[in-house]
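Chemist: Take this structure, written in structure tokens, and hold onto it; I'll ask about it next.
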Amino acid sequence: MDTSRVRMLLSLLALLQLVAAGSPPRPDTMPRGCPSYCHCELDGRMLLRVDCSDLGLSELPSNLSVFTSYLDLSMNNISQLPASLLHRLRFLEELRLAGNALTHIPKGAFAGLHSLKVLMLQNNQLRQVPEEALQNLRSLQSLRLDANHISYVPPSCFSGLHSLRHLWLDDNALTDVPVQAFRSLSALQAMTLALNKIHHIADHAFGNLSSLVVLHLHNNRIHSLGKKCFDGLHSLETLDLNYNNLDEFPTAIKTLSNLKELGFHSNNIRSIPERAFVGNPSLITIHFYDNPIQFVGISAFQHLPELRTLTLNGASQITEFPDLTGTATLESLTLTGAKISSLPQTVCDQLPNLQVLDLSYNLLEDLPSLSGCQKLQKIDLRHNEIYEIKGGTFQQLFNLRSLNLARNKIAIIHPNAFSTLPSLIKLDLSSNLLSSFPVTGLHGLTHLKLTGNRALQSLIPSANFPELKIIEMPYAYQCCAFGGCENVYKIPNQWNKDDSSSVDDLRKKDAGLFQVQDERDLEDFLLDFEEDLKVLHSVQCSPPPGPFKPCEHLFGSWLIRIGVWTTAVLALSCNALVAFTVFRTPLYISSIKLLIGVIAVVDILMGVSSAILAVVDTFTFGSFAQHGAWWEGGIGCQIVGFLSIFASESSVFLLTLAALERGFSVKCSSKFEMKAPLSSLKAIILLCVLLALTIATVPLLGGSEYNASPLCLPLPFGEPSTTGYMVALVLLNSLCFLIMTIAYTRLYCSLEKGELENLWDCSMVKHTALLLFTNCILYCPVAFLSFSSLLNLTFISPEVIKFILLVIVPLPACLNPLLYIVFNPHFKEDMGSLGKQTRFWTRAKHPSLLSINSDDVEKRSCDSTQALVSFTHASIAYDLPSDSGSSPAYPMTESCHLSSVAFVPCL
């Protein structure tokens, strides 16, 4: 019986049933034969679409209309299909049973469904293809059996499916290709066997599938292919062998003369032989990246006149550029992750139609002229070894729109290298060795990246880039030329505190300003408004300038400027005076005065660092952007940062040592015990200095945080390493202050309990306590700033942060000597002794005066000797040297003063 007679018979039967059942359903009433729990709608005048999906059904509805053309029973709990239950649905064209619990489909389950075209059985529990249930569905065009547990396909299960076009068998448990079952599918056009467990494809596996156009075999375990496994696939255009275990190039593809798209990436293929695609002249696209390819035949890609795209990523052993003779239509070439060191001079002769060239992550050192590739639109050469861009390399590439030369070693670019690129809009030269940048011919650029070129410190005029929208520069100061000055950051606060507000909101706000600005000319006000809008729409330049990357002034405010100058002058002058009075004679210095003198020396270094910053601010006043990159990246900034951290940490460590020394000294004097020798103290001082030196060196070794800003200090925000460094310093210094506080608390508690009846050097104990209190108070803002940064607290304004870093941090170096000069009587005594010594040496130049004073000096020496003898333990309490026989002029003068000093309690 032919097809026309079958159709006539079906139409006659349908007409008879229609007459028996009455008139067809009306649109305004519930269609007859629609289950109450399903959703139904008319499909034309007579047919019905029934949707019973996701209702938790455990069996098929029994009262379905014979005119049902579409039935969706997916996402239910149906586990059985009774035989002949659906045989009445002669007009059914699409049946969906996906997402159920079917484990078996009996013979006759689909009997009578002569109009069925689409059958969906995916996401069930089938372990094999139904052996007889699918037979003789002559109208079936699409069959989905994917996402089951099918491991067996009976040889005759697809018998009679002469109209089947699409077959899904992916995501199952097949271990081989069911050759016998496919022999009856001569009309099949697309089939997927992906996501199975197939290990091998035998010869003639698809021998009778002459109409097959698309074949997916990806994500299997295929490790070998029969040399004739693809024989008979005369119409195949797409072959997907990706994500398998192939060890050898699939030479079986040579019989696929109509193949257009081939993919075998993510395998274990190590070589591509010569003339590998000689039998595939219709190839348009090849994907075989992510293979450990070590060898590619020079002629592997020759004579592929239809090839449009060639992608080969990760072929790490390729050292030569392939010969592409006869592949003149290639439009996109990607050869990344290889070891190609040079390009042939004839590359553009072979590829005149090339539009995209990606040779990134190679070892290219030199580039030939690419002027013959007139159609090039995109070139990607990042991560190579290119040193120089010559004048003729990119000449006359009128269609080139994107050029990526990032992460090379480019140090030289010819002034006219980009002069004939009128269509170029994106240029990436980041992370190179550029010290200059040619701007000729780049008027059309919209995106420019120059970040990472630390030697490129000069400003680039914005007038050369009228179309620029996004630019990335090595230094924030270079963004000042593109409207990125500090006043730009004030505009959002002036006009709108909400960043999401629109320009219309700005205009509404301006409308209210006219009433309060009667004295201003309307035209001038509108002009100012338009200028502000231009600023708001300025070029997006990064890194943006700001308070810590200023365009005009290093210090910003006059308060900071005056504070830095005052701190620097006082720190240098006062510490120099203290150090001079302490170290004016090298013969003998008491332990506490030695510590005060060393603290004064390191505080001088802090004054030097502040003075250098003040001088830089003065010389760059109003034009810091022109010198900011030079200063920030230079050795001077590193020296300033190193001196600042070294001086700050040394001062804290030495102050801690002074507090401990005072406590230990008081303990020894109260018990008349011998103190530790001065050499031990000097060794500890040296250890403190070495520790501070190590701490100050860490930023130089760990990425040079000193160059992070023109302030030359590790900022307590930004990079995690810098924040961690600052927090570690705060914790270490806090520990030092805690130790000092505990030591002095114990000392004063002992004094209150009367454990010490007398204390000789009361002034030094009080002075050290004053230093401790002052330094601790001044360190609190620094500690708070560091911890607030760690906790991402952003309520502290940048000006306050700059004030803390530039004024508060070096302030102890200024106050320490002032406290000693103003409040400590030892300074007055030292100055008096210095005056006496000066007069003594002045008289020594005159013999008459010397003879007159010799008797007086001798008398004083005797008096001082008597004083020393009367106090048997004076050498212990006074920190006198063990050798008291020496009697130089100055020490004897100072020792004479000791006879008049009595032991008094320090209360």
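From the backbone N, Cα and C atoms, a Cβ is placed for every residue, glycine too.
In case it's useful when we look at the structure, here is the feature table from Swiss-Prot:
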- Cys34-Cys40: disulfide bond (DISULFID)
- Cys38-Cys52: disulfide bond (DISULFID)
- Cys348-Cys373: disulfide bond (DISULFID)
- Cys479-Cys541: disulfide bond (DISULFID)
- Cys637-Cys712: disulfide bond (DISULFID)
- 33-64: domain 'LRRNT' (DOMAIN)
- Asn63: N-linked glycosylation site (CARBOHYD)
- Asn77: N-linked glycosylation site (CARBOHYD)
- Asn208: N-linked glycosylation site (CARBOHYD)
- 44-64: repeat 'LRR 1' (REPEAT)
- 114-136: repeat 'LRR 4' (REPEAT)
- 137-160: repeat 'LRR 5' (REPEAT)
- 162-184: repeat 'LRR 6' (REPEAT)
- 233-256: repeat 'LRR 9' (REPEAT)
- 257-279: repeat 'LRR 10' (REPEAT)
- 281-303: repeat 'LRR 11' (REPEAT)
- 304-327: repeat 'LRR 12' (REPEAT)
- 328-350: repeat 'LRR 13' (REPEAT)
- 351-375: repeat 'LRR 14' (REPEAT)
- 377-396: repeat 'LRR 15' (REPEAT)
- 397-420: repeat 'LRR 16' (REPEAT)
- 1-21: signal peptide (SIGNAL)
- 22-561: topological domain 'Extracellular' (TOPO_DOM)
- 583-595: topological domain 'Cytoplasmic' (TOPO_DOM)
- 617-638: topological domain 'Extracellular' (TOPO_DOM)
- 660-682: topological domain 'Cytoplasmic' (TOPO_DOM)
- 704-723: topological domain 'Extracellular' (TOPO_DOM)
- 745-775: topological domain 'Cytoplasmic' (TOPO_DOM)
- 797-802: topological domain 'Extracellular' (TOPO_DOM)
- 824-907: topological domain 'Cytoplasmic' (TOPO_DOM)
- 562-582: transmembrane segment (TRANSMEM)
- 596-616: transmembrane segment (TRANSMEM)
- 639-659: transmembrane segment (TRANSMEM)
- 683-703: transmembrane segment (TRANSMEM)
- 724-744: transmembrane segment (TRANSMEM)
- 776-796: transmembrane segment (TRANSMEM)
- 803-823: transmembrane segment (TRANSMEM)
Chemist: Between Asn63 (N-linked glycosylation site) and Cys34 (disulfide bond), find the distance joining the two CA atoms and give it rounded to the nearest Å.
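Modeler: The separation of the Cα atoms works out to 7 Å.
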Chemist: Count the other Cβ atoms sitting within 10 Å of the Cβ of Asn208 (N-linked glycosylation site), across every protein chain shown.
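Modeler: Total other Cβ atoms inside 10 Å, all chains included: 16.
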Chemist: How many whole Å apart are the CA atoms of Cys348 (disulfide bond) and Cys541 (disulfide bond)?
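Modeler: Each residue's Cα considered, Cys348 (disulfide bond) and Cys541 (disulfide bond) end up 36 Å apart.
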Chemist: On the DSSP side of things, how many residues of the repeat 'LRR 11' (281-303) fall into helix, strand and coil, could you say?
Modeler: 0 helix, 5 strand, 18 coil
Chemist: Which sequence positions outside the topological domain 'Extracellular' (797-802), separated from its termini by at least 6 residues, show Cβ-Cβ distances below 8 Å to it?
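Modeler: Contacts of the topological domain 'Extracellular' (797-802) (Cβ under 8 Å, skipping residues fewer than 6 from its ends): 546-548, 555-557, 560, 711, 715-716, 785.
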Chemist: Between the disulfide-bonded residues Cys52, Cys479, Cys541, Cys637, which lies closest to Cys34 (disulfide bond), Cα to Cα?
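Modeler: Checked the disulfide-bonded residues Cys52, Cys479, Cys541, Cys637; minimum Cα distance to Cys34 (disulfide bond) goes to Cys52.
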Chemist: Are there recorded positions among Asn77, Asn208, Cys373, Cys541, Cys637, Cys712 that sit within 10 Å of Cys52 (disulfide bond), Cα to Cα? If so, list them; otherwise say none.
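Modeler: Final answer: none.
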Chemist: Tell me the Cβ contacts of Cys38 (disulfide bond) under 8 Å, same chain only and six or more apart in sequence, or just say none.
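Modeler: Listed in sequence order: Val50, Asp51, Cys52, Leu55, Pro61.
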Chemist: Work through the glycosylation sites one by one (Asn63, Asn77) and point out the residue whose CB has the fewest other CB atoms within 10 angstroms.
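Modeler: Each of the glycosylation sites Asn63, Asn77 was scored; lowest Cβ tally within 10 Å is Asn63.
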Chemist: Please report the number of other Cβ atoms within 10 Å of the Cβ of Cys34 (disulfide bond).
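Modeler: The answer is 22 other Cβ atoms.
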Chemist: Quick check: of the recorded positions listed here (Cys40, Asn77, Asn208, Cys373, Cys712), which one has the Cα closest to that of Cys479 (disulfide bond)?
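Modeler: Closest recorded candidate to Cys479 (disulfide bond) by Cα: Cys712.
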